[in-house]
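Visitor: Shown below is the structure under consideration.
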Amino acid sequence: MRTLLTILAAGSLLAHITEDTSDLLQHVKFQSSNFENILTWDGRPESPPDTVYSVQYKTYGEEEWLEKEGCQRITQKSCNLTMETSNLTELYYARVTATDGAGRSATKMTNRFSSLQHTSIKPPDVTCIPKVRSIQMIVHPTYTPIRAQNGHQLTLENIFQDLLYHLKLRINHTYQMHLEGKQREFEFVGLTPDTEFLGTIMICIPNLFKESTPYMCRVKTLPDRTWTYSFSGAFLFSLGFLVAGLCYLSYRYITKPPPPPSSLNVQHILPFRPLQFIQEHTLIPVFDLSGSGGLAQPVQYSEVKVSNPTEPPGPPPRHSLPEIAYLGQPDLPVLRPSGGPPHQALPVLSYAPQAAPEGRPSSYAPQGALEAKPPSYTPQAVSETQLPSYTPRATPDNWPPSYGMCGEGSGRDSPPVTRSGPKHLGTKGQLQKEVPAGSCSPTGLSLQEVTPLAMEDPQEAKSSHQCLRVHTDSDSDSDTIGQREPGTRSSLKGQLPLLSSVQIEGHPGCLPLQTPSLPCSPTDKGPSPWGLLESLVCPSDEDPVSKTEAESPGLQAPDLESPTELDSLFRGLALTVQWES
């Protein structure tokens, strides 16, 4: 009986001691993340501070415990067993022994541990890059403390072949976008600019049903500044264009020649109106009047326009003035040449227009004749001190209208001109070269042609002027050549005072047209049909030959034997006169 009581007392005492020492160690276990294996434990709160801890480990299937260097009699409550448990295919055990200052000790062992199964995955390392309409996420590789046989440090991708990255993007907790894959770069596109998003990235291991702790990032897309760039580009372009324009204007201002001084502007003080040649025509006579066959040489004339000196330079405006066309009549006049010595060629003359009398009409308008009677113009005699004045009047039916044509001859034979018809002139019908300077037909008009210096041959310096006289059939025997006094100049009288003087370029002087002269015939009692110029004074008429002939007006050429028709000469020609007031 006494022995039984002793055994019960010893067992109760041993149980009490064991219960007291078990409070020295609590929660001994492995904590592994990304294959980093840490052994941790806890002690009781009232344990004395002088308690020390020792760690031992062993592989599953072995009986001997191995001490961990650096984890013997330590006061901290953790020990890193990563290198000792680095084999992913092995199972491990570990135990901890705690000893206090009173000499009491306690030992606890962990459960069986497999790093491949029990390790946890940490959140990945991700960089979020915001853009205007997208967010780019780059996942960095996660390295583990496990090393390969060659010493290279392994990553999670090297250990888990089926590792995936799962990404989520949320907008105000209402809208989500998902991306998943093994690549390390992802981008969410089609986002709203200047908007905040919440991104979540996790590592998933489907075979082990493992997921990492999610990595969360808040990112805001960039504001859309495209319009700002466009506006800036447009502004810079406009600024460059403005600078270029200013540079161009400055260049034009610097290189612009200065305006000429007003003292050089002599347009308002010129005593004449310059003649401007604006159009050039060609007259081609149909038949030769000199008796030889063949077509005549073409004659060129220019249309002359007088510019207003008070107006600025430039083409003066055209007035709506009527155009006068001279057409041939069915009845033809008789051509009566006048003989006389040839004159010398006129030098290049210079003409200046002068003001015409205000009382005279400013335009010439031919008056229509009666239907039964064609018009005929009869010259009237005027005095030297009075300008000629003509009035057209009707003539009897048997008087055909006459044409007057004046040309310039020379000492040589004139160019061949075709005869006007079957009643052509013989030897007497040809134009005589010796025509007095002032001789004209009784009913016609003499116009001495002035040839420019550029068109005149130097060998024609002694050429003379010829006057073709045209008579009607009824007046061919009764009319005579007018007498002129010595010293008077041959003149061309007309009805319309359009030009008072004429100036030709290259001649030093002016040819006035105001000097009145005697009529071509004492029988001039009517207006002249060629009265466009008031008077055309030729200085060359004062040569000795002209003066001698002027003193002897009785010298006349014999009358033509037969009349010559000139209708074919002017057929198809439309002569137009234009003038400006």
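Using N, Cα and C of the backbone, Cβ positions are placed for all residues, glycine too.
Reproduced below are the annotations present in Swiss-Prot:
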- 378-389: compositional bias 'Polar residues' (COMPBIAS)
- 440-449: compositional bias 'Polar residues' (COMPBIAS)
- CYS71-CYS79: disulfide bond (DISULFID)
- CYS128-CYS217: disulfide bond (DISULFID)
- 18-115: domain 'Fibronectin type-III 1' (DOMAIN)
- ASN80: N-linked glycosylation site (CARBOHYD)
- 354-493: region 'Disordered' (REGION)
- 539-563: region 'Disordered' (REGION)
- 1-15: signal peptide (SIGNAL)
- 16-228: topological domain 'Extracellular' (TOPO_DOM)
- 250-581: topological domain 'Cytoplasmic' (TOPO_DOM)
- 229-249: transmembrane segment (TRANSMEM)
Visitor: I need the CA-to-CA distance for ASN80 (N-linked glycosylation site) versus CYS71 (disulfide bond), whole Å please.
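Guide: Counting only the Cα atoms, the answer is 9 Å.
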Visitor: Fewest neighbouring Cβ atoms within 10 Å: which of the disulfide-bonded residues CYS71, CYS79, CYS128?
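Guide: Counting other Cβ atoms within 10 Å of each of the disulfide-bonded residues CYS71, CYS79, CYS128 gives the minimum at CYS128.
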Visitor: Give me the mean pLDDT over the topological domain 'Extracellular' (16-228), rounded to a whole number.
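Guide: Averaged over the topological domain 'Extracellular' (16-228), per-residue pLDDT gives 89.
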Visitor: Could you give me three numbers for the domain 'Fibronectin type-III 1' (18-115), the DSSP helix, strand and coil residue counts?
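Guide: Secondary-structure breakdown of the domain 'Fibronectin type-III 1' (18-115): 8 helix, 43 strand, 47 coil.
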Visitor: Around CYS217 (disulfide bond), which residues of its chain at least 6 apart sit with Cβ under 8 Å of its Cβ?
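Guide: In sequence order, the residues whose Cβ lies under 8 Å from that of CYS217 (disulfide bond) (at least 6 apart) are VAL126, CYS128, MET137, LEU198, GLY199, ILE201.
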Visitor: Using all protein chains in view, find how many other C-beta atoms are within 10 Å of the C-beta of ASN80 (N-linked glycosylation site).
Guide: 16
